[in-house]
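Trainee: Let me give you the structure first, and then I'll get to my questions.
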């Protein structure tokens, strides 16, 4: 197996190649990529948790240090100014020494403002990538070269195809997330609250709640009907009906994003519904291949949800085809099948069709689908079908021409369970699909 160092060198060579191309196309000499800056809380002396610029951590696995800078010209070694002040108030990261550091020119930056003296004097043909736009202008970057759209479109589009190094990092993130999921499931079985289940997850993964790639969704019972539920009750419910966990992990800046749903009672109708949705998710993934648009699989999943609604007698007296055509599946599956995954949880370029950034929106019928790409080898995506019992989405269907087809008594009996979501992370290969999640035997 190739070492992470050799994979990183190949990764860096690919990024250098992309940099040369995008610089030539846009008549630029170099890119100045900023890790970011701390953002102060209004009228306070504290800052919000730092979140690094994804374009920065694509080049180097530095994810928690603000005020760092990369100078990239596609030819020479990337220059990394690593922020390392003398500071007795706060802990300071030492200059890194790791598998990747010999591949860059590493220099300490004692003061954030010193970068102005470190950069070449001529900056008219330098593109800045980052969110501190005023800082870029203060450094003499021309306004049109601050986050130039053509540059970002090119880089975002190509970021969809993961290098071997990126895939290795994402597999490691999966391992960490799976450990957390197993610990959280044990906590659920022991009757813990949402808050304590989340603590068990963080302990198992070695993450702080500010380190996870997104806010953990730890939902018991009806809370699972809130798609992005993050409240975390401190007291467990009197009866544990269901548990939905949507939680991930990071490795070198790359994310895992996994979801599992469990029933409190193994013989319940809800438990059977979980089992059947799991089967449909696996069957759908058996059909996924390169060269097909992701949207097609989203539509196919609605057909599979219609099949479940019929077999569980939740919707009756109407064909599965008509259910999908008339939108009867949408209140039960209101979100998209999934999204690109990588440096960001909802990774870049889900709608981009080419290097120029041509946008293909989600179908109007499914506005919350996050990806319309043609699948290509090297892409990483989530596959996360769900079935929910959400009052606000079901309410409009309680009257009107299709109301008679909804088995409201059966649907209402499932509302205390909230809903189901099952999410795996897959890699598209030339002739197969790699399921990074199931490969680790996360049931």
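Cβ atoms here come from the backbone N, Cα and C positions, even for glycine.
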Trainee: Return the residue out of 246, 412 that Swiss-Prot annotates for the same Mn(2+) 2 site as 257, 423.
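Mentor: Among the candidates, Swiss-Prot records only 246 at this Mn(2+) 2 site.
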Trainee: Given that Swiss-Prot annotates 257, 339, 423 as Mn(2+) 1-binding, name the residue from 172, 186, 194, 384 that shares the site.
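Mentor: That Mn(2+) 1 site, as Swiss-Prot gives it, pairs 257, 339, 423 with 384.
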Trainee: How many other Cβ atoms are found within 10 Å of the Cβ atom of residue 246 (Mn(2+) 2 binding site), counting all protein chains shown?
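Mentor: Its Cβ shell of radius 10 Å holds 25 other Cβ atoms.
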Trainee: When you measure from the Cβ of residue 384 (Mn(2+) 1 binding site), which residues in the chain that are at least 6 apart have a Cβ under 8 Å away?
Mentor: 259, 335, 337, 338, 421, 422, 423, 424
Trainee: Cα of residue 246 (Mn(2+) 2 binding site) to Cα of residue 339 (Mn(2+) 1 binding site): how many Å, rounded?
Mentor: 14
Trainee: Starting from the Cβ centroid of 246, 257, 423, which together make up the recorded Mn(2+) 2 site, report each further residue of the same chain whose Cβ lies within 8 Å of that point, ordered by sequence.
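Mentor: Nearby residues not in the site list: 217, 247, 248, 258, 259, 382, 384, 421.
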Trainee: 10 Å Cβ neighbour count around residue 339 (Mn(2+) 1 binding site)?
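Mentor: The Cβ of residue 339 (Mn(2+) 1 binding site) has 20 Cβ neighbours within 10 Å.
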